[in-house]
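Data first, discussion second: the structure below is written as structure tokens.
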Amino acid sequence: MFMINILMLIIPILLAGAFLTLVERKVLGYMQLRKGPNVVGPYGLLQPIADAIKLFIKEPLRPATSSTSMFILAPILALGLALTMWIPLPMPHPLINMNLGVLFMLAMSSLAVYSILWSGWASNSKYALIGALRAVAQTISYEVTLAIILLSVLLMSGSFTLSTLIITQEQTWLILPAWPLAMMWFISTLAETNRAPFDLTEGESELVSGFNVEYAAGPFALFFMAEYANIIMMNMFTAILFLGTSHNPHMPELYTINFIIKSLLLTMLFLWIRASYPRFRYDQLMHLLWKNFLPLTLALCMWHVSLPILTSGIPPQT
């Protein structure tokens with residue numbers, strides 16, 4: 001039974017990731033005053049299926065000088081971790097109701113760095129290695145602010161269980177009292193998922209495609225699916241943290257519909273940002289984090305810690 005539950009979670013995630021590629025190409029197309037994919041199937045709806053078939057029937061070529069085991073393990077690990085991070089998400093019921101769901105998600109996102117590092121190093125290509133080093137530095141750096149923002153939000157919620165956030169936000173969305181945190185969180189999720197304008201790992205003019213430059217066919221498709229699964233997961237996480245949906249136990253489908261609409265709108269915002277903004281320089285990316293976001297998030301975290309004490313209130317009870 002548990003295996004059926006897992007499959008019921010994994011298959012829709014992979015399908016959503018596949019169709020997100022189509023949505024992205026369509027959105028970018030219309031924003032650049034062109035049509036986007038419109039040949040394969042009605043309105044190009046079968047394009048992701050055609051892409052998947054093409055990628056998986058191609059021969060997965062491997063550079064002769066690459067490290068075999070790591071080269072193959074890296075994309076499997078990337079997709080495995082991307083899917084694992086969905087386990088504690090309340091939709092409205094999580095797959096496994098964890099006591100420390102938020103910590104689990106932080107740990108899994110930290111492990112994702114290894115798949116990037118392995119792929120860059122095992123490819124035995126200077127472009128892949130430079131791309132991987134950039135990606136690792138960027139991911140590790142932005143995880144610092146993500147963790148502090150999460151801590152601040154959890155201080156208002158009072159529990160590391162994600163389901164508690166639904167109860168906390170029955171009165172008001174946390175985006176209202178914590179809007180500076182929400183803005184910094186959203187920008188940090190863009191950087192964490194290596195999306196434009198922070199997609200320095202795949203600066204086409206410099207590094208061709210970044211850490212996955214030597215990958216082709218199936219393994220490349222695994223990286224691709226991992227990236228899009230992470231994008232959807234991050235937006236769902238944002239919706240849970242700051243735009244909490246109230247859950248009526250008698251009609252759980254209302255929660256799901258509401259939650260999906262919010263996540264979709266946030267995902268569309270990701271695509272809109274990609275169509276609008278140019279890429280940052282690498283030093284600007286690091287300055288934004290270490291000189292702007294980190295001091296601000298630390299100050300706001302201290303503020304949220306001291307607020308209940310100052311107002312003689314009690315901290316949130318779980």
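Glycine is no exception: its Cβ is also placed from the backbone N, Cα and C atoms.
As given in Swiss-Prot:
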type     : residues : note
TRANSMEM : 2-22     : transmembrane segment
TRANSMEM : 70-90    : transmembrane segment
TRANSMEM : 100-120  : transmembrane segment
TRANSMEM : 147-167  : transmembrane segment
TRANSMEM : 172-192  : transmembrane segment
TRANSMEM : 222-242  : transmembrane segment
TRANSMEM : 253-273  : transmembrane segment
TRANSMEM : 294-314  : transmembrane segment
Seminar exercise, completed: The recorded stretch from 2-22, 70-90, 147-167, 172-192, 294-314 sharing the largest number of CB pairs under 8 A with the transmembrane segment (100-120) is 70-90
Seminar exercise, completed: Answer key: the stretch among 70-90, 253-273, 294-314 with most Cβ pairs under 8 A to the transmembrane segment (147-167) is 294-314
Problem set entry | Chain residues outside the transmembrane segment (172-192) and at least six past its termini with a C-beta under 8 angstroms from it | 109, 138-139, 141-143, 145-146, 149, 152-153, 156-157, 165, 198, 234-235, 237-238, 241-244, 266, 269-270, 273, 285, 288-289, 293, 296-297, 300, 304
Exercise. Any residues 6+ beyond the ends of the transmembrane segment (294-314) with a Cβ under 8 Å from its own?
Worked result: 144-145, 148-149, 151-152, 155-156, 178, 180-181, 184
Exercise. Going along the chain, which residues at least six beyond the ends of the transmembrane segment (2-22) come within the CB cut-off of under 8 Å?
Worked result: 37, 44-45, 47-49, 51-52, 83, 86-87, 95, 224-225, 228-229, 231-232, 267
